[in-house]
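> Before anything else, here's the structure in question.
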Amino acid sequence: MEVLQSSTPSSGLRHSSYPSRLASSKSIRLSFGPKSYRVSPLSSGLNLGKRRGNRLKVRCTTEGMEKRLVAGRKDESGGNFLEAAAGGKGAAFSLPERFKVAALMAAAMCLCNADRVVMSVAIVPLAAKNGWSNSFSGIVQSSFLWGYIFSSVIGGVLVDRYGGKRVMAWGVALWSLATLLTPWAANHSTIALLGVRTFFGLAEGVALPCMSTLSSRWFPTHERASAVAISMAGFHLGNVVGLILTPIMMWSTGIPGPFTFFSTVGLLWLTRWAFVVTSDPQDSPFISKGELRLIQEGKKKSLTRSNHKSPPLRHILSKLPTWAIICANITNNWGYFVLLSWMPVYFKTVFDVNLKQAAWFSAVPWGTMAVSGYVAGATSDHLIKAGYSLTLVRKIMQSIGFIGPGIALLCLNCANSPVIAAVYITAALSLSSFSQAGFLLNIQDIAPQCAGFIHGIANSAGTFAAIISTIGTGYFVQWLGSFKAFLTVTAVLYLVTAVFWNLFATGERIF
């Protein structure tokens, strides 16, 4: 609502002023305590309702935030007043429903990554206890991805068919159960541990397709980058939470402690998710009419509810923009999981820091990644609002997200202290978060009706790359005694994919 502060004495809203006369006037004056404001009903989104007695109902629906206000005549002291219908002491602010959904999604994504990271820290004492080599530790860590690679496509199809709410709920419930069972499986046998971790990955594979689809349903086009940034900020903060809390809890309660804690939090999250969120804003009993109208008018018609079926897989794979997304996902996951799985081991092996120190050095980059991811989303939305094409914005964001990390990882090979290494890793991860406003959003641009399915395809390809990189790092370190060779390979992959993306990516709808 556009509000201009008044510099003239207040005249009040007269009892004789009817809604029609107010609506036709150029402006009306409203008073909030000692301050008064002049408001244009037509430009601000004020809906003036019926007059009842000496009070007039005013509804503000601008920007999706709806307030019911009651305007009356002068009070006994001669001043004007405007009281909220609910409280009477001023207009109460209500957080738009779509941001509540984004906050709950961010919490789920935080749990998603925290549950993964627990194993990245626990692998150090487990390997020492069981006598595992670096190469076998890589196999254990990659077992999560064995299930993840299959559930990405299946989860994408399920999300497109049954909606993000239901699929996400089942995913969190099942991966929390798998997290709880992990310490038992580790004590029972290696086969049991690999089986539980595979099941864990199978359950977590639905998280990103759910996030992508819910963002496209609940947010207008010019807010989607910020919405995804909020969710992904939770995702990256999950690394921070997991890396910091896991060593502390293991030292105080033993290895099972962090697994039990995070699984319990996941089950508590479910109780809130089940009663607040819907797969589509049109089905929400809590959303206001103004906010629903804002969502529907702020996105393309193609993103509204439809029974349109997904195109055949052959047709999807015949388009180069699809392959640009797939290649971007492969490179992103390759670099992401190398750093996620091996960062604590890297600091312990290369700089001989203890596990607690390694966790702190590893946590800092993920925290900055959460902040930079939001900056990327806000910047992307600003450029789109300023009139830049989707294609150009997606290419700019993705170029930063790949060229930046590529250069940072090459510099990491020259680090001679844990502090310098942490700086380079922080730069790599912070810049890689710009990919959230690149290929991750581009899926919704080119295929709004089957975004979950295409996300699943791309994520499965990326997961396969993550398996290779996670296991490959272990073998490279064991054979060569150094991380440098694999970091160089990863850096080159970032730079080559950036070129491919800029040649073939587009922001226009393809499917």
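Each position is counted from 1, following the chain as shown.
From the backbone N, Cα and C atoms, a Cβ is placed for every residue, glycine too.
Automatic prediction, not curation, is the source of TrEMBL annotations.
Sharing the feature lines straight out of TrEMBL:
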DOMAIN    101-509  domain 'Major facilitator superfamily (MFS) profile'
TRANSMEM  139-160  transmembrane segment
TRANSMEM  167-185  transmembrane segment
TRANSMEM  226-249  transmembrane segment
TRANSMEM  255-275  transmembrane segment
TRANSMEM  323-343  transmembrane segment
TRANSMEM  363-384  transmembrane segment
TRANSMEM  396-415  transmembrane segment
TRANSMEM  421-441  transmembrane segment
TRANSMEM  453-477  transmembrane segment
TRANSMEM  483-504  transmembrane segment
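Structural setting of the listed features?
Here the domain 'Major facilitator superfamily (MFS) profile' (101-509) has a mean pLDDT of 85 out of 100.
Here the transmembrane segment (167-185) has long-range neighbours at 105, 108, 111-112, 115, 118-119, 155, 158-159, 192-193, 195-197, 199-200, 202-207, 209-210, 214, 255-256, 259-260, 262-264, 266-267, 269-270, 273-274, meaning same-chain residues at least 6 beyond its ends whose C-beta is under 8 angstroms from one of its own.
Within its own chain, the transmembrane segment (226-249) is flanked in space by residues 98-99, 102-103, 105-118, 120-122, 211-212, 215, 218-219, 257-258, 261-262, 340, 344, 355-356, 359-360, 362-363, 366-367, 369-371, 373-374, 376-378, 381, 429, 433, 436-437, 440-441, which lie at least six positions past its ends and keep a Cβ under 8 Å from the stretch.
Cβ atoms under 8 Å from those of the transmembrane segment (255-275) belong to residues 104, 107-108, 111, 114-115, 118, 121-122, 125-126, 165, 168-169, 172-173, 175-177, 179-180, 182-184, 186, 242, 245-246, 249 of the same chain, restricted to positions at least 6 beyond its ends.
Within the same chain, residues 116-117, 120, 138, 141-142, 145, 239, 317, 358, 361-362, 365, 398, 401-402, 405, 409, 425, 428-429, 432, 435, 438-439, 442-443, 446, 454, 457-459, 461-466, 468-470, 473-474, 477, 483, 486-487, 490, 493-494, 497, 500-501, 503-505 sit at least 6 positions outside the transmembrane segment (323-343) and bring their C-beta atoms closer than 8 Å to a C-beta of that stretch.
Residues 328, 331-332, 335, 376, 379-380, 383, 421, 424-425, 427-439, 442, 484, 487-488, 490-495, 497-498, 501-502, 505 of the same chain sit 6 or more residues outside the transmembrane segment (396-415) yet have a Cβ under 8 Å from a Cβ within it.
Outside the transmembrane segment (421-441), and at least 6 residues removed from its termini, the chain residues within Cβ reach (under 8 Å) are 212, 224-225, 228-229, 232, 236, 324-325, 328-329, 332, 335-336, 339, 343, 346-347, 350-351, 361, 364-366, 368-373, 376-377, 379-380, 393-395, 397-402, 404-405, 408-409, 411-412, 415, 458, 501, 505.
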> Cβ pairs under 8 Å with the transmembrane segment (483-504): which stretch of 139-160, 363-384, 453-477 has the most?
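Looking at each of 139-160, 363-384, 453-477 in turn, the most contacts to the transmembrane segment (483-504) are made by 453-477.
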> For the transmembrane segment (453-477), give me same-chain residues lying six or more residues beyond its boundaries with a C-beta closer than 8 angstroms to one of its C-beta atoms, as numbers and ranges.
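Answer is 133-139, 141-142, 145-146, 148-150, 152-157, 160, 205, 208-209, 212-213, 310, 313, 316-317, 322, 325-326, 328-338, 341-342, 349, 439, 443, 446-447, 483, 485-486, 490, 511.
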> Should anything in the same chain at least six residues away from the transmembrane segment (363-384) have a Cβ under 8 Å from its Cβ atoms, list it; otherwise answer none.
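Beyond its ends, the transmembrane segment (363-384) has Cβ neighbours at 221-230, 232-237, 239-240, 243-244, 339, 343, 390, 392-393, 396-397, 400-401, 422, 425-426, 428-434, 436-437, 441.
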